[in-house]
Amino acid sequence: MSFPLLTATAVLPALGAIATAAVPAAQRVAAKWLALLVSLGTLALAAVTLVRFDPDGARYQLTESHAWIPDFGVRYQLGVDGIGVALVALTALLIPFVILAGWHDADPMETGSRRWRPTQGFFALILAVEAMVIISFEATDVFLFYIFFEAMLIPMYFLIGGFGDRAHEHGDEAAATQRSYAAVKFLLYNLVGGLIMLAAVIGLYVVAGSFSLQEIVHARADGSLHMATSTERWLFLGFFFAFAVKAPLWPLHTWLPNAMGEATAPVAVLITAVVDKVGTFAMLRFCLQLFPEASKWATPAILVLALISIVYGALLAVGQRDIKRLVAYASISHFGFIILGIFALTTQGQSGATLYMVNHGISTAALMLVAGFLISRRGSRLIADYGGVQKVAPVLAGTFLIGSLATLSLPGLAPFVSEFLVLVGTFTRYPVVGIIATFGIVLAALYTLVLYQRTMTGPVRAEVAEMPDLRVRELLVVAPLIALLIFLGVYPKPITDIVNPAVKQTMSDVQKTDPQPEVEAAK
Amino acid sequence: MSASAVHSLWTTAATAAEPISKIDAPKIEYAQLSPTLIVIGAAVVGVLVEAFVPRKSRYYTQVFVAVVALAAAFSAVVALAASGYGTTKAHIAAMGAIAVDGPALFLQGTILLAGILGVFTFAERRLDPEAHGNRVDAFAAQASSVPGSDSEKAAVKAGFTTTEVFPLLLFAISGMLVFPSANDLLTLFVALEVFSLPLYLLCAVARRKRLMSQEAAVKYFLLGAFASAFTLFGIALLYGYAGSMSYATIAHVVDGTVTNVDPALAGTMGNDVLLLMGMALVVMGLLFKVGAVPFHMWTPDVYQGAPTPVTGFMAAATKVAAFGALLRLLYVVLPGMRWDWRPVMWAVAIVTMLGGAIVAITQTDIKRLLAYSSIAHAGFILAGVIATSPDGVSSVLFYLGAYSFVTIGAFAVVTLVRDAGGEATHLSKWAGLGRRSPLVAAVFAVFLLAFAGIPLTSGFAGKFAVFRAAAEGGAGALVVVGVISSAIAAFFYIRVIVLMFFSEPKPEGPTVAVPSPLTMTAIAAGVVVTLVLGVAPQYFLNLANQAGVFVR
């Protein structure tokens, strides 16, 4: 038996989480370093996975399969396709930056007993989320996926509710109340989504008699498993609902601005750049593959919802006064693009959507983490409290600008490629939808540039006059992310090469071919 | 009158007088009934201990007797199961009164384990501050003294303790062991009374908040007596219908395979009105014991008023025993009537799931909250009962096993959080517990997540098992209702977690007492079982599967 690489990638952070949580209270610096080392180790394993993955090989690679709960028909079954491996790599890549950026976010305050160890808890929870996210990208058993899809809510919930922007809200009852409200809202939305999916998971088992993704897909393809149209549609809706809450898609998005606004910047990155990707990923892997007919049936409605997300998210981002909530609404707009790309059911669209997931992860991380550094300096999330920062802290302002430009998909930066692919992919099948979606880009330019203008340019405000520039630790976080944005903007081929075969497979599962250019017919 | 008629009178008299010597002694399979017999024997020993052992050493003797007896009974159950009585050798013992089969042994094992943990929590004496230099437990110094009276003060000062709780607990357990294995209606009723009466008493003997405890006991007793009366009336009607108390015979009459009508009952036998009414009344009595809506009214008051160790034990073991009896009744006696009882049970399951979950939202007392949560769980288990399939039985068995450990553990944690007035059960006092005692709060959070059915806990595995069985049994709508009420229920479990971890601790908040190894064992067992059944449930699912067939 070969080395179980996929299991190791998930188990290492899980063990790291336990070890970090067990570090004695006085040794909190050691806990931080331990967590960072574990996340780097996970990154190394993910890199090995990426290298060992053969884009032109079998559909699911590095597979592992063991009996787990035979009574439920559940197997511990892992395997990655190009989409999965790219997202595992993204997760493993972002976590070290999240940890480094949150280095001081969980330093203990004086309340609480000797045994209250927030620092250890914070980093252990981050690693726990990483482990669960990675395993849900790798699971090819529906039940296994579901377990971790649900279970990751718990550490995430404690991260949102337990750790706020400590620097300025110490002892502030109202802020603590808002934060726990945001955490509960996050958990309830996602839990309701997950429970509805549970009903669909049970229904799927009753219909298909198996939880194995490959088995069900094969059985459906060769006709040995027939699903009644209405059954398929109900099951699809059950799955899609959960993923749409997680993604989040309008009108199920309202938890995201709360959660991202109240959580610390690194946790906000964890939510939007890592955890939410599981939702869009699962649409590609489970909704489209298990329920191809129902997916086609639901496409028009989903496209409309995605369009609303794009435009609505962008419009609300324009109107925000709070930096973090602005980024949250921008993310909702971007998730609209990702879902649009997935359900346009074209190769370019889906490649673009997958690429978008990766790029959005990196660009949001860059923007949000720099915003977090900015906020920690001034102690306010309000845009109006800033002004003229670029004169005081030029490096901070510069990196913030690059993050903003990436968010508006400036050509030359990574998100441009994916957004372009999504739009092209959509336009070939649904020209009108593609045209409306383009407004999202225009609005994106508006909200990011206005954000930059208000906070960074203009006369220097008295409160920011003493603001220090980025420190070495912060530069270490931002510089690699920006380098990646530029690199993938110029040369996205490494990722598209990995992703494209998987997308073609998914397209053939849905039995859709790309629309041919209609030059002849138009004559 | 002719001579032959006179003669026949004589001969009849003669034959009637003769066979007295020929009555067969009942055949009792002592080995197969040993779990129950051991526990009853130990309970009797416990009574003798009360009578003859000096007061000083009674506590230790009682704890020792109880633990040894329960452990011995559990080994007897394991030995019976290992020698095949759960599967191939399953049969009906004690002249048709008691079934020895898979479900019976599985549930008896669960009840005994819950009983051992129950004894541990009963025996805890480190939580309350010492009274006059004596260590005290959760029970009144002298149950018979009027609350607040001089005699109570004198009893406390003298350092009396109510060690009778241990034999009472053993009697209750013995009744619970018989309840799910009873194979005729009379045994069922006797077992019901044997386990109910000690529980009524146990509810009344709290050391603190004695009036509340006694009120709870009176409520429980009165409502329980009503329920028993209903059950008994139902049994009478069923006897009128079938001419027998035996489960097997009633089942045959329901199926129409019995033709020899008892002449004395010729007028009523086979009358469906009697069957339907009798069935409804007996099932009602059992639903009362499991705490299903609309027979749940006693649950919150009793759970809140009873001493917390008693609540924990009762919540776990009563549910196990009563669901066992309900399963056997519905699957062995009344499978032929399932088209009649299924719709009713559907309705009961739906209102139980929704009712428990919705009312729990407004609760402010942790024990009442857990009471409503137990009602919601009764609804989930009913969904598995309705499946009417082998999967349904095994899923219910698994759920009961998983649930009882979570419950005992959760109530054991409740006993630890205390302020000057004893246990601090009001939710507002739990604010910030996670800051003060992270470990206790984390353990309680694990139990709450298991109640909520979050994956990787036993609660999820159990919920999945019953919902799957229900869906396969054609009750998809029940699954949807179950999922919705799970979502509602999640809200209040999470509210407690929010309170514990995200609220600022209050300056005059409660402290967490450091328990003796006894309570720690109970809590640790709860946590371990919760996580093991959540991550690797297969072994226990297999057990439940093997145990999933009733003997008829």
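Heads up, the Cβ atoms here are built off N, Cα and C, so glycines get one too.
Database features (TrEMBL):
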| type | residues | note |
| --- | --- | --- |
| TRANSMEM | A:31-51 | transmembrane segment |
| TRANSMEM | A:83-103 | transmembrane segment |
| TRANSMEM | A:123-149 | transmembrane segment |
| DOMAIN | A:139-443 | domain 'NADH:quinone oxidoreductase/Mrp antiporter transmembrane' |
| TRANSMEM | A:186-208 | transmembrane segment |
| TRANSMEM | A:234-255 | transmembrane segment |
| TRANSMEM | A:297-319 | transmembrane segment |
| TRANSMEM | A:326-347 | transmembrane segment |
| TRANSMEM | A:353-375 | transmembrane segment |
| TRANSMEM | A:395-418 | transmembrane segment |
| TRANSMEM | A:430-452 | transmembrane segment |
| TRANSMEM | A:472-491 | transmembrane segment |
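Proximity of distant same-chain residues to the transmembrane segment (A:326-347), defined by a Cβ-Cβ separation under 8 Å and at least 6 residues beyond the stretch ends, is recorded for 244, 247-250, 253, 256-257, 259-261, 268, 272, 276, 280, 283-284, 288, 295-296, 298-299, 302-303, 305-314, 316-317, 320, 353, 356-357, 360, 364, 367-368, 371, 383, 407, 418-419, 421-422, 425-426, 428-430, 433, 437, 440, 443-444, 447-448, 451, 500, 503-504, 507, 510, 512, 514-515. Between the transmembrane segment (A:472-491) and the transmembrane segment (A:186-208) there are fewer than 3 Cβ pairs closer than 8 Å, counting only residues 6 or more apart in sequence, so the two stretches are not in contact. With a cut-off of 8 Å between Cβ atoms, the residues of this chain six or more beyond the transmembrane segment (A:297-319) that come close are 233, 236-237, 240, 244, 249-251, 253, 326-327, 329-337, 339-340, 343-345, 430, 433, 436-437, 439-440, 443-444, 446-447, 450. Outside the transmembrane segment (A:186-208) by six or more residues, the chain places 72-73, 142-143, 146, 149-150, 153, 156-157, 160, 215-216, 219, 225, 227, 231, 234-235, 237-239, 241-246, 248, 252, 254-255, 258-259, 271, 290 with a CB less than 8 A from a CB of the stretch. When each of A:83-103, A:353-375, A:430-452 is checked for Cβ pairs under 8 Å to the transmembrane segment (A:395-418), A:353-375 comes out on top.
Same-chain residues lying 6 or more positions outside the transmembrane segment (A:353-375) and placing a CB less than 8 Å from one of its CB atoms are 82-83, 86-87, 90, 93-94, 97-98, 101, 165, 260, 264-266, 268-269, 272-274, 277, 280-281, 284, 323-324, 327, 330-331, 334-335, 337-342, 381, 386, 389, 396, 399-400, 402-404, 406-407, 413-415, 417-419, 421-422, 455, 470, 474, 477-478, 481-482, 484-485, 488, 492, 495-496, 499, 502-503.
Through the fold, the transmembrane segment (A:430-452) approaches residues 303, 307, 310-311, 313-315, 317-318, 320, 323, 326, 329-330, 333, 336-337, 340, 344, 383, 400-401, 404-405, 407-409, 419, 422-424 of its own chain, all at least 6 residues removed from its boundaries and within a Cβ separation under 8 Å. If one looks beyond the transmembrane segment (A:31-51) by at least 6 residues along the same chain, the residues whose Cβ comes under 8 Å of a Cβ in the stretch are 5-6, 8-9, 12-13, 15-16, 19-20, 23, 62, 80, 85, 88-89, 91-93, 95-96, 99-100, 103, 119-120, 123-124, 126-127, 130, 134, 498.
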